[in-house]
Structures are given as C-alpha cells and as structure tokens.
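> Pulled these features from TrEMBL for this protein:
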type     : residues : note
DOMAIN   : 1-166    : domain 'NADH:quinone oxidoreductase/Mrp antiporter transmembrane'
TRANSMEM : 20-43    : transmembrane segment
TRANSMEM : 50-70    : transmembrane segment
TRANSMEM : 82-99    : transmembrane segment
TRANSMEM : 111-139  : transmembrane segment
TRANSMEM : 159-181  : transmembrane segment
DOMAIN   : 171-265  : domain 'NADH dehydrogenase subunit 5 C-terminal'
TRANSMEM : 202-222  : transmembrane segment
TRANSMEM : 228-252  : transmembrane segment
Amino acid sequence: TLVTAGVYLLIRFNMLLVDMFFFKLLLLLSGLTMLMAGISANYEFDLKKIIALSTLSQLGLMMSILSMGLPELAFFHLLTHAMFKALLFMCAGVIIHMMNDNQDIRFMGGISLYIPMTSLCMNISNLALCGVPFLAGFYSKDLILEMVSMSNLNMLIFFLYYFSTGLTMFYTIRLLMYLMINDYNLFSIYNLYDEDYIMLKSMFLLLFMSLITGSFLMWMIFNYPYMIYLSFNLKMMVIYVSLIGLIMGYLISNMKIYSLNKFLMTYSL
C-alpha cells in the first residue's frame, strides 16, 4: 500500500544506511511510534482511525526491525501485513457502507448476526494482525520478536516491542467487543442488507492469502532457516503478552456504562 512506500525505500537503501548512528535513533523513534500508535488506538471510537493507527503501529515494527539491520525480515513482515491489512480495510469499508456511512463503533454492534461472512473475514484478519499462531501475521511477527530477544539491545527496546504487541491484541479485542459481541442497537436498520457478494469474492481471496502466505513466504524468501536459541519463557513471551492483551481487552471492554468505556477515564492522565 501507499503508506509502506517509505519502509520499502529504506529496505532498498539499507546497504547504504547500515552502521550509521541514525539507525539507532531510528530504532528508538520507531519503537516509540509503535507504542504511541498502539496506545492511541485504544482510545479511538472511529473505525477507520483504529485501523489506521494499527497500520502505523505495524509500520513502526517494520522500521524498527529494519533499523536493527534485518531488512529481509522487515520485507517479509511488510508482505504478510499487506495481506491481512488489505482484508481488514475492505471489511471496514463494507461495514461503514452498511452502517449508512457512519464510522463510530459505538453505534455498531451485533454485526455478526447480520453480515456473518464479512464478520468472519474481519475476525480472521484481526487475529492475523494479533499474531495468533499459524496465521500470516504470526510467522513474521514471531520471528521479529525472537530476533529482538536474541539481540543484545537494552531493556527499553525489549519492553517497547513486547508492550506494543500486547497493545495490538488489546485494541483488536476492543474492536471485536464493540462490533460483534454487543447487541444490535438498531442505528441504521435500513441499510443493513445481507452481504456484498461482489466484495466477498475478493475478500475470500485475501482471506485465503492471509491464511497461507505467512508459511509460504517463509518457505520461499529465506534461503536458510533462522537458528533461534532461546529459553522457554523467552520463546513463549509473544504468546504471554498476547494472552495478557486478550484478557485486558476483554475486561476493559466489559467495563461499560451505556457504551462509555470506563477505560477512557484514564485518558486525562
């Protein structure tokens, strides 16, 4: 997509930029970009803005792993991220169109009863974004985080990576609770037709791609397997932070009084 053009340019120019001082600065800035985009996606009520902020968080992930000197890994994550994020944008466009061009997720709810196929594509692309094992996002994200765990960087970078991964799970579960699990609150009953079958053809193609393209590209573009030797807790750290993000997202999305999230009271901090 258009937003990854800068990442692609830096991947192409990485031989020119390697071992520069600016790469360490870029590592810090892109880690903070991941963190801030993940935090601000938790406070948004606009569907497109949440997805755009999650894209910004993934761009920070690509830039940071690029500035650690692993450009082929950044390119691998760029390709797998393109699959499920394109699917996510298509699902969000269908949902906004069916919601009578309204983007506020507080007015949506119970979508899975009315547009089940679109919700299926939306959920699977969201889970691939979270890095649920054996979907597309897991292969690249898990490999990136294990390379971070193997590198001899300081605790700040480690914390930024893993906290941002947990925040990805957080806003995804929040989006899922607002869209799928709430009751349908009859905001735009007139425009909610069955399914958009023209969109569903391309959405199922992207769904298939975001299922298989992680393992396929990992088999295709790496000419040698990465030997990653870590302890068990460090190896399972991705799963740990994903589970913590899932539980926290579920609990905090349940703390609502008339669809006002109590988690927003921390916004004034």
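Going from the start of the chain as shown, residues are counted 1 onward.
Using the three backbone atoms N, Cα and C, a Cβ is placed for every residue, glycine included.
Where the annotation comes from TrEMBL, it is an automatic prediction and has not been curated.
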> Six or more residues out from either end of the transmembrane segment (50-70), which same-chain residues have a Cβ under 8 Å from its Cβ atoms?
3-4, 7, 10-11, 14, 18, 23-24, 26-27, 30-35, 37-38, 40-41, 44, 77-78, 81, 85, 88-89, 92, 105, 129, 141, 144, 147-148, 151, 153, 157, 160-161, 164, 167-168, 171-172, 175
> With pairs restricted to those 6 or more apart in sequence, evaluate whether the transmembrane segment (202-222) and the transmembrane segment (20-43) have 3+ C-beta pairs under 8 Å.
no
> In terms of Cβ proximity under 8 Å, which residues at least six beyond the ends of the transmembrane segment (82-99) contact it?
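Distal contacts: 1, 4, 47-48, 51, 54-55, 58, 107-108, 111, 115, 118-119, 121-122, 124-126, 128-129, 135-137, 179, 187-188, 191-193, 196, 199, 202-203, 206-207, 209-210, 213.
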> Report the mean pLDDT of the predicted model across the domain 'NADH dehydrogenase subunit 5 C-terminal' (171-265), rounded to a whole number.
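That region's mean pLDDT is 81.
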